[in-house]
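Student: I have a structure I would like to understand better, so I am pasting it below and will then ask my questions one at a time.
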Amino acid sequence: MAPTKPFLMIFDFDMSLIDDDCDLVFMKELVPDFGEAIVKRYQNEGGVWTDYVDEVAQEVARRGFGEQDILGALKKARLHPSTADAIRTAGEAGADIVICSDANTYFIEAILRHHDLFRYIKQIITNSAYFSISSTPPRLIISRRTLASDPPHGCDLQTPSCGLNLCKGKEITRLVGPASWQWNWSRTERGKTQGSPWDSPSELSQSSTSQSPYGKIIYVGDGRNDFCPISLLSERDIGMVRKGQKLEKMVDGDSKSKIAARVQKWQDGNDLLAVVNREIAEWKTAGVGSRASAVI
Ligand SMILES: [Mg+2]
Ligand SMILES: [Zn+2]
């Protein structure tokens, strides 16, 4: 089966889809003093960042801020106009767009709706959050993706890139299915994850790109936890690595050999839009070619 969609575009959210960290925007706008203290505490004590953000949400409620205040604060998160264009262009061309982030559903959805982009997003994979009116006082509740009671995700990149809470490689493998991709091939050939519970050799042996509805995957990221999913991409996929951020250092450093995908560095939304336009043009050209050969 030939691909029926030009590509699957997977966005990290903070400093990738938006040009801010939405957790920090939330803190800075509503409880800057408390936010500063909590960041320091996280740096000293470690743990799971999501728990700290939930603690901030509790303080936000305690100080009398309600849902409208939170939504107002989130509007301050910066989003490059060309990133918005890239999302609209990709969506209108039939590409699927997915977000995989360590932020939370509430922040991400609020920001996307504010920019009228929510309708272009097929799925959001992140920590869950909701505004609880039955709490006293009513408050935003944010929960980890991997609960403390859940089994660990088991990714071998847990330290230092994936963290305890979220392995984006695992999440995206679950989403697209190892049987539909050449994903994992490159990683397994390098002897990194063979035998892990989520890409057993029997699943790998069924792997075939011919079942994929997409021409390729384009992954957009900036942070350390974007390394794992990019290392799972195949040769035909594109890893968009933001310049000047932690992911770039990993990709250029010792971990370079773990990446099979074509790596493309990007600075801002203009670079994302250029890649989306190029890939859609290529997809259309390839489509015309295959239709022509079918007629012959
Ligand atoms: Mg990020
Ligand atoms: Zn991982």
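Any Cβ shown, glycine's included, is placed from N, Cα and C.
Any TrEMBL annotation is an automated prediction that lacks curation.
What TrEMBL lists as active site, nucleophile is Asp12. Under the heading active site, proton donor, TrEMBL lists Asp14. Residues annotated as Mg(2+) binding site in TrEMBL: Asp12, Asp14, Asp222. Residues or ranges marked as substrate binding site in TrEMBL: Asp23, Asp102. Under the heading compositional bias 'Low complexity', TrEMBL lists 200-211. Annotation source TrEMBL lists region 'Disordered' at 186-211.
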Student: Output the one of Asp12, Asp222 that, of all these recorded positions, has the highest number of other Cβ atoms within 10 Å of its Cβ.
Tutor: Asp12
Student: If you measure Asp222 (Mg(2+) binding site) to Asp12 (active site, nucleophile) at Cα, how many Å is it?
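Tutor: Rounded to the nearest whole number, the Cα-Cα distance is 8 Å.
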Student: Rounded to the nearest Å, what's the C-alpha distance separating Asp102 (substrate binding site) and the residue listed as 'active site, nucleophile'? Just drop the number here, would you?
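Tutor: Rounded to the nearest whole number, the Cα-Cα distance is 8 Å.
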Student: Taking only the recorded positions Asp12, Asp14, Asp23, Asp222, which have a CB closer than 6 angstroms to any atom that belongs to ligand 1?
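Tutor: Only Asp12, Asp14, Asp222 meet the Cβ criterion.
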Student: Does any of Asp12, Asp14, Asp23, Asp102, Asp222 have a Cβ within less than 6 Å of an atom of ligand 2? These are the recorded positions; tell me which, or none.
Tutor: none
Student: Taking the centroid of the Cβ atoms of Asp12, Asp14, Asp222 (Mg(2+) site), which other same-chain residues have Cβ within 8 Å of it?
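Tutor: After dropping the recorded site residues, what remains is Phe13, Met15, Ser16, Leu17, Ser101, Gly221, Gly223, Asp226, Arg242, Gln245.
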Student: Round to a whole number and give the Cα-to-Cα distance in Å for the pair Asp23 (substrate binding site) and Asp14 (active site, proton donor).
Tutor: 9
Student: Once the chains shown are all counted, how many other Cβ atoms turn up within 10 Å of the Cβ of Asp23 (substrate binding site)?
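Tutor: That number is 23.
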Student: Where's the emptiest Cβ shell within 10 Å among the recorded positions Asp14, Asp102?
Tutor: Asp14
Student: For Asp102 (substrate binding site), which DSSP three-state class applies?
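Tutor: Where Asp102 (substrate binding site) sits, the three-state DSSP reduction gives strand.
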